[in-house]
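As given in TrEMBL:
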TRANSMEM  35-54  transmembrane segment
TRANSMEM  63-84  transmembrane segment
TRANSMEM  90-116  transmembrane segment
TRANSMEM  128-148  transmembrane segment
TRANSMEM  154-173  transmembrane segment
Amino acid sequence: MKNKVYDEMNKGMELIHQGFKIRNDIWMEEILFSWRWWLGLGLVILCWGSWWIFRKKNSSNRLLFAGFFIMVISLSLDAIGMQLKAWNYLYPIIPLIPAYLPYDLALMPVSVMFLIQVKPLMRPVYKAFLFAVLTSFVGEPFFKWIGIYEPLTWRYLYSVPFYFIIYLIAHWLSNRCNFEKVME
């Protein structure tokens with residue numbers, strides 16, 4: 001029994017490695033330095049540069065705490081979605097990580113951090129709904145339109161509850177008692 005598990009797991013690992021090699025070859029020949037690659041890199045710089053300039057300096061720690069949560073959950077959900085063949089990213093910034101890093105590590109966290117700091121007394125449920133709807137029905141279709149994101153079995157509507165809950169948890173984390181209360 002142990003030898004069968006060992007052999008089958010190694011066979012699976014070999015298939016994963018072959019898939020990575022194919023993706024890496026495509027990345028080196030077609031993706032690296034393409035306009036979509038530069039767009040992704042530019043989005044990362046633009047998002048974090050904007051946040052650095054426009055953030056509320058005294059709220060940086062609590063916002064980064066929420067932003068880090070967003071990054072971890074986004075990368076995790078992307079990994080699950082890609083493994084289940086729900087969607088695919090066709091132009092990764094780094095071939096080792098198939099998720100679209102500009103989205104998971106810049107657009108998502110920075111958007112949420114800006115929403116948390118803008119109108120801090122507004123009910124978080126309203127902001128969560130706005131974030132979920134805009135991200136699901138504007139952001140995702142835009143990335144599909146420019147050829148970066150390819151939903152396979154996933155529908156935009158499925159994303160709404162995920163984005164809604166992610167925002168609410170991030171908002172809750174940003175307002176924990178260890179951080180100063182934000183007053184308008």
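Every residue gets a Cβ built from N, Cα and C, even glycine.
Contact counts against the transmembrane segment (63-84), taken as Cβ pairs under 8 Å, peak for 90-116 among the stretches 35-54, 90-116, 128-148, 154-173.
Within its own chain, the transmembrane segment (35-54) is flanked in space by residues 90-91, 93, 100-102, 105-107, 110, 113-114, 146-148, which lie at least six positions past its ends and keep a Cβ under 8 Å from the stretch.
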